[in-house]
Amino acid sequence: MSTVNFGDELQDKDTEFTWEVKANDRAYHRQFKDKGFLCWRRQKYKNNAIHTAKYNIFSFLPLNLYEQFHRVSNLYFLLIIILQGIPEISTLPWFTLFAPLVCLLVIRATRDLVDDIGRHWSDKAINNRPCQILRGKSFLWKKWKHLCVGDVVCLSKDSIVPADLLLLASTEPSSLCYVETADIDGETNLKFRRALTVTHHELTSARKMASFKGMVICEEPNSRMHHFVGSLEWNNRKYPLDIGNLLLRGCKIRNTDTCYGLVIYAGFDTKIMKNCGKIHLKRTKLDLLMNKLVILVFMSLVVVSLVLMLGFNFMKKEFKVKHYYMSMLPQRSEAMESFLIFWGFLILLSVMVPMAMFIIAEFIYLGNSFFINWDLQMYHEPQDMPAKARSTSLNDQLGQVQYIFSDKTGTLTQNIMTFKKCCINGYIYDSDDEHGTLRKRNPYTWNQYADGKLHFYNRELEFIVRGQQDISVQEFWRVLAICHTVMVQEKDNQLQYQAASPDEEALVTAARNFGYVFLSRTQDTITLVELGEERVYQVLAMMDFNSVRKRMSVLVRNPEGSIRLYTKGADTVILERLHKKGAMEATTEEVLAAFAEQTLRTLCLAYKEVAEDAYKQWEPEHQEAALLLQNRAQALHQVYNKMEQNLQLLGATAIEDKLQEGVPETINCLKKGNIKIWVLTGDKPETAVNIGFACQLLSESMLILEDKDINPILETYWESSNKHKAPKLLAHQNMALVINGDFLDQLLVSLHKEHRALVQNVVVDEAPQESVQSRQISQMWRNFRSSMSPSPSAISKTRESPEVQRERAFVDLASKCQAVICCRVTPKQKALVVALMKKYQQVVTLAIGDGANDVNMIKTADIGVGLAGQEGMQAVQNSDYVLAQFCYLQRLLLVHGRWSYMRVCKFLRYFFYKTVASMMGQIWFSLYNGFTAQPLYEGWFLALFNLLYSTLPVLYIGLFEQDVTAQKSLRMPELYTAGQKEELFNYTIFLQAIFHGVITSLINFFMTALLSHNLSVSGSSSDYQSFGVLVAISGLLSITLEVILVIKYWTLLCVGSIILSLGSYVFMTSLTQSLWLYKLSPKTFPFLYADYNVLIQPSSLLVILLNVALNMVPALGLRMIYRALWKLRPKEEEEAPSEEVEVEPTVMHLRRGIPARRSSYAFSHREGYADLITQGTILHRPTGDFGDMTCDFPIPLEEELPSIGKESICNPRRMSVLTRKKHQHLRKGSSEDTHTNTTSSYPTMNRQDAIHSEN
């Protein structure tokens, strides 16, 4: 990973305002060209078609071959095939090796092609999605891929935005548009976008939109998801644009019937596609290790061949002296003879890297992929979704994962908020209906407004509510019904709530079912039905929620004329603003602690009565602060804070953000397997931390460091003299990091300066505690530094650039933490975090997510897992493995991953052993044949050894071997660490296999040579063929007995594979050494009855038995000794005391937050909705701007347009069955205002209908 990759988006070329978009003018954009490859010129403005596949019909063959020959083994085999084509040095026909190589390349190419076809299908499905594009004076249905920059698009409710659009107008008041961005940034709350006032008033018909010729001048396409700067030039005037005017590709339109937008960026120029990254060729650690081993073996063979060539030169001179007649034969020069002998030996020994090993490995990978696909334990019946291995080459790496990077929304959670419990006046009310038996018959039938969606029911609380005797209970539900920004819609005589966040909807729905029904709102009133009685409250002020205030308040005047302030917010801010703290408040704090332990999201509710004089004194201050042009937010915060004092606590709510099934158990199990889990989300820190506790990623005993705590650590990290000692001191600390996207910007792109508008929010009551916290942690690190001594390695590291040092320091700190949560991160930042760990830690990473915002992260990680969730299939189409639920990840890793890694490692180790054990005899034989490269074995034995005689047991190991069962693998996740530490196959294991093979070959060859010489003296035959057969049979039986010792999982299939392997040797040898084949071709089948002649002699059988015994007995003894020592090893480690535990008390006092209790406050909400309500922007208001639209809007053909509802989605002032009695209870002023707005809202409500009804 390089900081330059991320910095590219911050270069000046991206911030230059050179991107010009002219509305409704495709010809204007076609004239612009960008420089391409060589003299090629390409269109500057791309169309909206996307192509994420790696290959096309022309590039597949060359590009795939280029990728395949990045494997050193393929280059090695190609070299040997070329050498085999030279008759002077060839030992086998060239096509005998060429055919297997082509088979290997075809297998891998087919696998890559199948994966890429899936991407093509995904691209086609996306590009062919329908949308309405303005053509002429009407909107026609077209495909996404036909969309171009400058087109005007019409979108309806629940549509996905096809490109980055400038919002021109909508059917909502002030042309607001509500969007859900969970698929982009992971946030679950709705966001609003707003059109410019000029386009809202002017573009009121399709005809006017067709004549719209505005010019947008903005920044070049870039990946900054939350940043956009530009201007609209129209009618000789300029209007500023920002991100609040932009609808990003991938957003979903919510709570808005229809909206209209101008395409600014299309296709790969859109911000989400700029964040998606490219497809990388993923290679496993074992694959990379095999590349190095092939090079090592090849260099060794070159050295051995050179030595044997020198031996040939020496023997040749000595041979010529003894046999003078050899000089009479025609001869080549000594140099040519040496050259040919060298290459002859190289070809003869090339079987040390057998092609069969790589071909069998492909079938092993394929088989293990099928086992993943067929695993019923990972089949999710509700979705009818099995697990799927989309990549077949990464199975072994599933057993080596060290870091998991997970999305939150839709991956860990279901994004379903449920009202779980509440505490009122110190009493906890839990649900009496946990199993849903009461909900089947709806316990709220006494309430005509109950929607039956509330999963919470408490009989005692219902009795108290309906009794109307407890003031605290009444005010509790009144707070929930009044203090919010929810909008209401009527449909089929039913209320439908449209909330900016699922939290608010859950709270207002709970109040509704308990009889406190939010009925409607106007700009300055809110109407409730309280236990059947309609009450209208005059809204005097709305004090909006934001991440600094962590609370929302509404100041209202009730029908009796008294003024009350209703507040809800985080316990940390509500409790410190109470009038008094008595027994009830203390009890509520204990309840909040209990809720926090249950990982429920809590809000505290409070209220107070405000005297008329106090309000009259406060109201001018509020008006003055609201009219400020500078520092308005800070002034309003101070005014709000003044009112929100001396509150009376009512209680607390507890909402459950439902996790996916089995998430806590899965995370806990993976942590035991030494897998660290990072959560990367675009959501708020409070929400992410709460989910961290809910899924047991965080615990109460953890020291949680935030951005402000980490900066002092990083500043002092490189000042310390000994870098390696500092992390060691923290190795036993139970720490976690919680950081945000801004911190990552500073960490990763400190060289690339970007002009930012930074808003400093200062909270007086929180600043002292934070500064003390930072000073304490900084002092802790200074204490560590003072005890360190200089280190040469540390001095060398200081030569790195400051940016690299800072990145390395952060990675070292993060790697010591048990968990890391990154909040408010963009899709590109997610990928950069993954790349950062790969760069500095060289660890195996796995990324898992379910949305388009996770695609870049999935592509960057060594292994990408896509969840088949509700946010589309883009993550699935770009992933290596597909799961239906997060909980299946533990089985994928701990069972299939560990098995695959263990199987492949055993397969490789045994294959190298058996190859060396059999083929090293060729080298020993050269000592006896004058170094002439004469083969020891029958040619057919060499050809069929790896194909038949020893293949099936090896294939069984690669496909079916198990050291423990699946159940034990899940119960003992500690076994997984073997793969992380690369214990089962590494350079040491490889050398052990080579050494073992050499010893086996030495015993088989020299014991046979020694005994054959003695037997020949006694009269038994000891010819060349008999000797070769004895060595071959001894080797084959030795490696077969070795595989019997290696295999731990014995089945009938295992026994059958061994019997078939030995049986194939008997059958094929009888065939190739038969008389009729010898008669057909004596040179091809020279070993006539060689095996038969050897095996009928008892002395030969004794030689074979002795060789096998000498090979097996020491190996069996060493295995028993090793297992005995291995059993003693854990006890020794347990007895050894840790030297680092003593430092733990040093930082125990640095725990964040309130020492006695953790706040579980979390609330998904976006600031600004309260202003929209109080200003009347969000409400339907009378306006005369659209009076001509009934004659200006053409009607597109019926088959070209979707069915669009006639009702406005957000019009609380309309007369209906539910609200007719409202005016009888309004005071005169409110009544007049309401009547005026109700009767004049008709044109606005029908704006959408007019757009589609002109013709």
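A Cβ is built for glycine as well, from the same backbone N, Cα and C atoms used for every other residue.
What TrEMBL says about a protein is an automatic prediction, not a curated fact.
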Where TrEMBL places transmembrane segment among the ranges 879-903, 1054-1078: 1054-1078
Contact between the transmembrane segment (984-1007) and the transmembrane segment (1098-1122) (at least 3 Cβ pairs under 8 Å, separation 6+): yes
Cβ atoms near D850 (Mg(2+) binding site) (within 10 Å, other residues, all chains): 28
D854 (Mg(2+) binding site) and R601 (ATP binding site), distance between Cα atoms, whole Å: 25
Taken over the domain 'P-type ATPase C-terminal' (876-1126), the model's mean pLDDT: 89
Chain-internal residues near D854 (Mg(2+) binding site), provided their CB is under 8 angstroms and they sit 6+ positions away: D407, T411, P827, K830, A847, I848, G866, A875
Proximity verdict for the transmembrane segment (1054-1078) and the transmembrane segment (1027-1047), three or more C-beta pairs under 8 Å: yes
Rounded inter-Cα distance in Å - G682 (ATP binding site), D850 (Mg(2+) binding site): 13
Fewest Cβ neighbours within 10 Å, where candidates are the binding-site residues T409, N853: T409
Listed binding-site residues (R601, R824), ranked by Cβ neighbours within 10 Å, top entry: R601
Integer Å distance between the CA atoms belonging to D850 (Mg(2+) binding site) and R824 (ATP binding site): 17
All-chain count of other Cβ atoms within 10 Å of G682 (ATP binding site): 28
